[in-house]
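Asker: My questions all concern the structure below.
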């Protein structure tokens, strides 16, 4: 945009010449925290607003997902705080059982060559607390760097004494209400870490495997419809056949339905097992016969329950074949329905070695029919890295069906709303098919299960051993041992909204801030965390009428931040970007070290190095926290996948610089000047009236966007107003009044400059807090505001009476006319400073009025020597024409353009574009490129092609115009 200089000499503004986030951010945050601005205001007569943070793992460090969600939360908290609400952002960290235990185990192994067993349970747990004291603050310090206005004095940890009491209380009450029980069921077992793990900790990998077709002989001389004395079963896990207790066929399958109720003689073991009819057997798949191993497969477990088949566990917790099998009935009680003998040659061998041995034996006996290549999904533990074994173990469970019923109703009747709404369906699909929840883990670090056993195996549940002895009249002569297991971390985080506010005590905080207002979370933990919080909260917390209370009124689901090519960010891909590296900047060397150092798979390092050098040849520049936050807000669309975009980050850093420089211009023209704050006549120009009306409309649209959780729209509204309307237009439009206006007009322009800037800073503050506070501290002096911080200033409100339709339409028309002139200059290669004469043809009454009322203004802004209205019958010289609303703008070309030179220039430009178009079309017609390149890359190429074609069309049109001169 062309700039007209402000001619008066002004003093240097109090704002530094360049915006330097590094110098501003941390001192400012420390000041905010020390001043107590993050705390609730304590005014309980005011409406409260509370968000609880999804507690990050105490072992963790800040990643893009955290930065994304926390930016959204802080934007909401700052917005509500500025509306005078009693605001609490409750923070804390999760003890992250398995993750933390592994971090400390690795540490003592590396530093001392010891295992946790060398320490023993108590000493090892002390070691973890010691580690937490030293390293556990990393993530909270990083959260401070993001500008999060969290009440740090209320920070909680899921193993704090208060939260531990809440966990015990919840467990005991659920047990007393028969909603917690101990049972033998199938779980995901990690043979390396020796613990049950949740589905979320299971990573399903696609692998090339085999399908073994095995012959199972029929008992008692029975034959199939085809006269065969055997069935063929197909399996991907032949080692589990030692635990088979049935063979399933589809009851509709004509080949086998007459065999239902007959028996098989299981090879290698000679166990007689029944043939059962079950829908689980698919007639179209494999041979239509499925071996059933209820103790080692989740589907088989369900089939076994339906047909009351015994369960035979053939594996140890290490994943080796047992010396003696464990035989249980369908209820998990020890059974003698089958022998527990296992042939000696398989005893004690590792499960995958057993697979080879068993297949070899089938082959020797002539019972191996064929081996087919087969693509299959294999579950791995995401931390232990080994294949997960479905294992029959004694675990503690929560009966979820009665809890889920209430939790489903809360969403159905609108007490809890999901944003975007489509996530409700995901919630319902989980909740309507809910299984009992396994809450015990075989770890040392975590909330130990509050259950004790006597020597006869009787179980007693209570808040402490003292309570158990007292309630059950157990003398000190009776020995009690506490359950060794700890609770799933999701159990304690399921109580998060109310345990952090003091439950089971009926605290003021609980009364004031519960139910909380909004939960911000990723859709990947909708079941593991969100659903469980709803179930637990509604069970334990009731309102004054005894109605179950929801944990939060709204659930705002964020998408997943992926890299620029749409790939998930992961260490093994080497595409993780640390949010703080974008804030502070990082050299290429340091970035490479970060991405390739300590890799689990060092062979990937070279590929990652090349990719990183290509993407960040000079490392990553400093962008500052505000630019990062603005980018994250702008990317917060309603989609599931959000591709990170470094160009947008650079664009929003430029935005911060633009706002800084605009503020310097405003301060230069207002500091120590008469801005009409103390009376004195004020005349507002059309430009002043327009920007005030424009700002008022912006406030309305911006608030609507924030109120409906459209942070992407809010960011765009803020960007558009600040960059385009305020900086590019209004600052230019204000110069004629400032430089040449009357005293009243100068006062009006100054008043408008400071008024709009101060309002804009308050408007932008929730998204970009640091830069807005820094500038506002200077602006408040000009405006005579006494307050200490922008954080507690009132948020701008839309005022119907400030609507000025006439100013909006008049100035939009003038802008359109000036843009038409500027476009002609650019297209015809006319110097920006060259004064032009403009003719207006077919001007309607509105256009004529606007020119008459604002002639000087239009001439100054368009660098025009004259504006002439042509009568309808008047002939115009050869001109370039643009249509605008209610008129045609003509600029006579005589003496302005060197026709031949201009045509030659345009031909060169067109030739260059043709080459580029050819190259892109070549790429896109290459099937190999289109099928192999990431979707985002192909889309970018298609966009480039469309842009090149548009540019070419424009150049051809210009060429035609010039050729006609």
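Heads up, residue numbers simply count up from 1 along the chain you see.
Heads up, the Cβ atoms here are built off N, Cα and C, so glycines get one too.
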Asker: Using Swiss-Prot as the reference, determine which range in 568-572, 573-577, 578-582 is annotated motif ''KMSKS' region'.
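Answerer: That would be 568-572, per the motif ''KMSKS' region' entry in Swiss-Prot.
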Asker: Choose the correct range: of 1-23, 24-46, which one does Swiss-Prot annotate as region 'Disordered'? Give that range.
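Answerer: Of the candidate stretches, Swiss-Prot labels 1-23 as region 'Disordered'.
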Asker: What is the number of other Cβ atoms found within 10 Å of the Cβ of residue 571 (ATP binding site)?
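Answerer: There are 16 of them.
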Asker: Using DSSP and collapsing to three states, where does residue 571 (ATP binding site) fall: helix, strand or coil?
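Answerer: Looking at the DSSP assignment, residue 571 (ATP binding site) belongs to neither helix nor strand, so coil.
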Asker: When DSSP states are grouped into helix, strand and coil, how many residues of the motif ''HIGH' region' (56-66) land in each?
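Answerer: Output for the motif ''HIGH' region' (56-66) reads 3 helix, 1 strand, 7 coil.
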Asker: Can you work out which residues elsewhere in the same chain, 6+ from the ends of the motif ''HIGH' region' (56-66), have a Cβ less than 8 Å from its Cβ atoms?
Answerer: 93-96, 99-100, 103, 132, 135-136, 138-139, 142-143, 145-146, 157, 522, 558, 560-561, 569, 576-580, 644
Asker: Quick one: average pLDDT across the motif ''KMSKS' region' (568-572), no decimals.
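Answerer: The predicted confidence over the motif ''KMSKS' region' (568-572), as a mean pLDDT, is 78.
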